[in-house]
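Peer 1: Here it is: the structure, laid out below.
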Amino acid sequence: MEEGITRIGVSLPKNLLDEFDRIISTRGYSSRSEAIRDAIRTYITEYRWLESEKGEIVGVLVVLYDHHVKGVSDLLIDLQHDFHEIITSSTHIHLNEDQCLEMILVKGKMERIKVLVDKISAARGVMNVKLISAVKKV
């Protein structure tokens, strides 16, 4: 159980807040604060899992990004070439006129895959990055 409550302020784009409020209503949260605490706990759990994985894995890196952001498409291509030893293939999907989804199949040492995840996550224009570990190599 958490100790005490600390009040913080967060700036969000209106469309992101509207979508969050819609989800809060659908899921039955009593407040934004409760939903934000839940989202932060989920993020921390996923981060800890990513940090704890070791050894060789096979998985898919799912990247959602806004292709209108200058340089993001080129950066993703450059990173795929820079990490060619762990990337077996990739698929590019046009979701709408603004957003693209890149599915990158990875196979290799988790430590190296984490570096790729961090570089993609930090890129301006990238909206979401998710690593799904399909198989742990033996």
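For all residues, glycine too, the Cβ spot is worked out from N, Cα and C.
Annotation source Swiss-Prot lists Ni(2+) binding site at HIS81, HIS92, HIS94, CYS100.
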Peer 1: Would you mind pulling the DSSP three-state label for HIS94 (Ni(2+) binding site)?
Peer 2: strand
Peer 1: Name the secondary structure element type, per DSSP in three states, that contains CYS100 (Ni(2+) binding site).
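Peer 2: CYS100 (Ni(2+) binding site) sits in a strand per DSSP.
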